[in-house]
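Written out below as structure tokens is the structure these notes cover.
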Amino acid sequence: MAAQTTEKLQKLDLNGQSGDAKADAPAAGQAEAGEAEEDSDDEKDDGNAAPEAGAGGAAKKKKRKSKKKKKGGAKVQSSPPRVPVSNLFPNNQYPEGEIVEYTNENSYRTTNEEKRYLDRMNNDFLQEYRQAAEVHRQVRQYAQKNIKPGQTLTEIAEGIEDAVRALTGHQGLEEGDNLKGGMGFPCGLSINHCAAHYTPNAGNKMVLQQGDVMKVDFGAQINGRIVDSAFTMTFDPVYDPLLEAVKDATNTGIREAGIDVRMSDIGAAIQEAMESYEIELNGTMYPVKCIRNLNGHNIDQHVIHGGKSVPIVKGGDQTKMEEGETFAIETFGSTGKGYVREDMETSHYALVPDAPSVPLRLSSAKNLLNVINKNFGTLPFCRRYLDRLGQDKYLLGLNNLVSSGIVQDYPPLCDIKGSYTAQFEHVQIPSHSHP
């Protein structure tokens, strides 16, 4: 990192951790958000309980003071998480993300670009993102501590999704409520050779195993401002080198990203970092390969995949990052071919933005499109979400919407069977100065 100057540029990593899988291990220089993550609320409560255990008036005073603080909105989250973060931060001042400094090469702007930045970086924009980021952080921290082998994927996914809905204060059962806040997209739980876009459909009985490598990828959103962050969980240290490689690659992408940086340069740096690692499995050494046909992406309001891609290999897009855009910096590593194909049963779907007007002959398709528009808009959804809204016998209509180009399906993406894949991801907003 270059020396600081008065004209230095900065970028906001809203997740507060540059790809670190441990939610309770803050990154250096992360004073405000990091402190909140390091000490859990339960630990703070335990610390306050000890002085109050003694006899006398002092103990009573401390007890009364503690109650007064809670009445004003004590920062205490339940387990499992169910307290809306707006109750924990009554002044709507949510923790800032980690500030990552730019190098000197990106220390200039042009007037038009600064104007676009000022248009984007309004206070509501940042506050909505910070609120969504705090929701994601608290749910992520709980998930990392409580997901264990033996749980079903449905149990894990619904636990995360219920927590996100509770913390945003939007259950999404009334028309339009999910557009105000809640899940940014379905909770992905992709295991082993499956790298992305897998969540259990109704009736799925799959159980997490001790030797599994599971990617946990979920989004939280406030007013369509989606925080898209992912981590990988393992329960056998043999997979540590794979996780270290992908985590290092994501951190590298975060450091290299910035205003006016070409996407291809970010991809080249990511690939160099990741492919310097190897992993030994059953006595055989495997190079860790970037999954070359998976990318990071920019995020628009209510749209998870914007028009820009952030490659994770060299030779990619020459497009530049712009000030005030929102990017999901994500990397995928594999012990297999480093290339994924569509496989297994589809669960993820999303309404195509500006989809063409196509006459629908099936009444089930017309009715389902109305449900999708009113409840999800262009936010991704899965079959379980339709079940949750009381929809049934919708598959024929859903497939008709897909074949008509109105809804996009997102099948699971898998490398070769027997391989292992990992993912780490965080959201970042390149900005001219720390708002």
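Count begins at 1; order follows the chain as displayed.
Backbone N, Cα and C atoms are what each Cβ position is placed from, and that goes for glycine too.
Taken from Swiss-Prot, the feature region 'Disordered' covers 1-92.
According to Swiss-Prot, the compositional bias 'Low complexity' annotation covers 24-33.
Per Swiss-Prot, the feature compositional bias 'Acidic residues' maps to 34-45.
Feature annotation from Swiss-Prot assigns compositional bias 'Basic residues' to 59-73.
In the three-state DSSP reading, H197 (substrate binding site) counts as coil. Long-range Cβ neighbours of H197 (substrate binding site) (same chain, at least 6 residues apart, Cβ-Cβ under 8 Å): G188, S190, S347, H348, Y410, P411, P412, L413. Residues annotated as substrate binding site in Swiss-Prot: H197, H305.
Long-range Cβ neighbours of D228 (divalent metal cation 1 binding site) (same chain, at least 6 residues apart, Cβ-Cβ under 8 Å): G184, F185, D217, G219, I299, I304, A328, E330, E425, V427. Swiss-Prot lists D217, D228, E425 with the feature divalent metal cation 1 binding site.
The feature divalent metal cation 2 binding site is assigned by Swiss-Prot to D228, H297, E330, E425, with sequence analysis given as support. In the three-state DSSP classification, E330 (divalent metal cation 2 binding site) falls within a strand. Within 10 Å of the C-beta atom of E330 (divalent metal cation 2 binding site) sit 27 other C-beta atoms, taking all shown protein chains into account.
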- Residues flanking the divalent metal cation 2 site, with Cβ no more than 8 Å from the Cβ centroid of D228, H297, E330, E425 and excluding those residues themselves: D217, S229, A230, G296, I299, F327, A328, I329, H426, V427
- Within 10 Å of each Cβ, count the other Cβ atoms, then let me know which of the binding-site residues D217, E425 comes out lowest. E425
- Which residues, same chain and not among D217, D228, E425, have a CB within 8 angstroms of the centroid of the CB atoms at the recorded divalent metal cation 1 site? G188, F218, G219, S229, A230, A328, E330, Q423, H426
- Message: Taking 10 A as the limit, how many CB atoms besides its own sit near the CB of H305 (substrate binding site)?
- Response: 20
- Message: Return the residues near H297 (divalent metal cation 2 binding site) by Cβ distance under 8 Å, restricted to its own chain and a separation of at least 6 in sequence.
- Response: I304, H305, G306, K308, S309, V310, F327, A328
- Message: When DSSP is mapped onto helix/strand/coil, what comes out for D217 (divalent metal cation 1 binding site)?
- Response: strand
